[in-house]
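First the structure, in the form of structure tokens, and then the observations on it.
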Amino acid sequence: HKLSVAPEMDIMEYCRREWRGNTPVAKRMRKGYEAVAQKFAAIRRVRGDNYCALRATLFQALSQATQLPSWLQSEDFTMLSEKLLSKYDWIKQWQLKQKLGRKMGEISDEIKEYLSLLRKKWKTISEIKGPTEKQEACDKLFRNEEEEYSLYEALKFLMLNTSIKLYNDDKSGRRVPVFSWLLFARDTSSNPCQLMHNHLNHIGHSGGLEQVEMFLLAYALQYTIQVYRLYKYGSDEFVTLYPNDPEEDWPVVTLITEDDRHYNIPVRMCEETVL
């Protein structure tokens, strides 16, 4: 079984291997990696398919989880698919792991299974005390393709649920974060149904997450996703937060990207950073 997240490697060694030339781009990337190396000692490469933003975020969240997030604790969490399908008929067109032509009941059951798996894995890993054992448990999970891809389906469904909440809040005059307007201002996602058809159904198959969907993922998980965007080195977008006005009590995960398409993860915070 191939590990979806490669073993760690010294961050500057990785940079030297990847960016040798003297082009302006290579120089900027090296500067970017040097800045990240002030905070983190190593990098882990994430498998580069269209799930990589979900994979990097979930891996980071699980590898530092010490408790089950409150939204995962609620009694009816696993009933989410039934609840939404009873209200929104169009969710029947949710595309599950490239198996087409399912009946209504199956979709609901299958998503319920994915949500239960997400809760179970999060609970198990967050209860592991030792950092080495926790890391081993994460590595094991991300070697198990069947489970790993089921978890991404759960995350995508949580993103759909969050988008429906935001859309309804906005329509009923409640305050919503700015990204929510941007999300629904796109021609291809003017409502949650279009978002599902034109975006969420394609994540992992023919496309990854766009910028505005990184915000949606952050809201769905109630995590702040901090991203070092290396090609933006030297600008104020070099370190971007999703959301940019995070809630105080949301945990933070950190990712690295060279192009806003593929994400890797920095690991081993340098001692002074921890202090």
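Cβ atoms here come from the backbone N, Cα and C positions, even for glycine.
Whatever TrEMBL says is automated annotation, not expert-curated.
Since this is a predicted model, take the numbers as computed values, not measurements.
Taken straight from TrEMBL:
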type     : residues : note
ACT_SITE : ASP49    : active site
ACT_SITE : CYS52    : active site, nucleophile
ACT_SITE : HIS262   : active site
SITE     : GLU237   : site 'Linear diubiquitin binding'
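Location within the structure of each feature annotated in TrEMBL.
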{"residue": "ASP49", "record": "active site", "CB count, 10 Å": "13"}
{"residue": "CYS52", "record": "active site, nucleophile", "CB count, 10 Å": "23"}
{"residue": "GLU237", "record": "site 'Linear diubiquitin binding'", "CB count, 10 Å": "11"}
{"residue": "HIS262", "record": "active site", "CB count, 10 Å": "18"}
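Within 10 Å (C-alpha to C-alpha) of HIS262 (active site) lie the following recorded positions from ASP49, CYS52, GLU237: ASP49, CYS52. Taking the Cα atom of each, ASP49 (active site) and GLU237 (site 'Linear diubiquitin binding') are about 25 angstrom apart. Of the recorded residues, GLU237 (site 'Linear diubiquitin binding') and CYS52 (active site, nucleophile) place their C-alpha atoms 21 Å from one another.
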